[in-house]
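Take a look at the structure below.
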């Protein structure tokens, strides 16, 4: 199924042909005048895949992310005390992922409803805000985890004072403040718009009215909160790998956890973060500067690829729990212990209920005068 959207009206990333205020579509004179005055804009061609691909991905992310991060938060709160510095960062990462997956049911319904948003402008803004808070909060907390592991591997003695839990708490609070302040403009840029067919879109970026300033803002956040952390992470991992090669850490838990950390974080960046930021930037550039008849097919392909990377960007909420399990401090051992304890408690409860049931049956027989037992 292909939906061709009107080129003469703004074509936001989620939808096009929004009705302009005060514009009368039934007036042929006004229509011809506006068409002559308006610059050419490519018609945004929507293929049916986005109505099924994105909700399918979000359903998987919601189920796995909700279960995985719920277990992680439960473990950190009840079974991981006292926390180490890296546990503080991982708890905050799990919290950011959990808050994000809670917003996915509304987004799943939105795409199954043919991108007709019914939850109001405030909920649309909150939806896009939480997505970006999770995106950049996750990147910064992964950077903190990587720097923490780098200090422990490369400078194990010098870093003892710097790796305390108290410092990790202060840094985590600072990360949340930085992310919330940096992402707060999303509350202005995002929002809803009314299409010509009276359905409502929820912009994942912004409308064409604010596109130029949004592009500048997007580039600033991409450089400051994606490119810089990526360079820091790559630097940390390069030095970690070098230390693992030259230091006598064969078969040590620190070596194993460090290798897992490098593999998982680099996989998350390669699959989720890098493609999303590249295609988001290309899509914004296409909307701004590639509006010629010759570029319309290219723009459609960029837009379709960008939609694919939006789904990939949400997968980090599923992958992060694997990080806690493989690279966390004693997480796997304590999870196994907590599971065994819960299993023993369950068996004890079942045995107790069975004994109570047996006693009740015997009591009833005695009351009825049955002496055959």
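Heads up, the Cβ atoms here are built off N, Cα and C, so glycines get one too.
The record in Swiss-Prot shows matching topological domain names for residue 50 and residue 123, meaning one and the same side of the membrane. Ranges compared are 215-237, 238-260, 330-352, and Swiss-Prot records transmembrane segment for 215-237. In Swiss-Prot, the annotation transmembrane segment applies to 126-147, one of the ranges 16-37, 126-147. Between the CA atoms of residue 283 (ADP binding site) and residue 296 (disulfide bond) there is a gap of 12 Å. Within 10 Å of residue 42 (disulfide bond), judged by CA to CA distance, lie the following recorded positions from the set 124, 202, 204, 285, 287, 306: 287. At the 8 Å Cβ cutoff, the transmembrane segment (52-74) and the transmembrane segment (167-188) share fewer than 3 close pairs (sequence separation 6 or more) and do not count as touching. Separation of the C-alpha atoms of residue 287 (ADP binding site) and residue 124 (disulfide bond): 21 Å, rounded to the nearest whole number.
In this structure the alpha carbons, written CA, of residue 204 (ADP binding site) and residue 296 (disulfide bond) are 21 Å apart.
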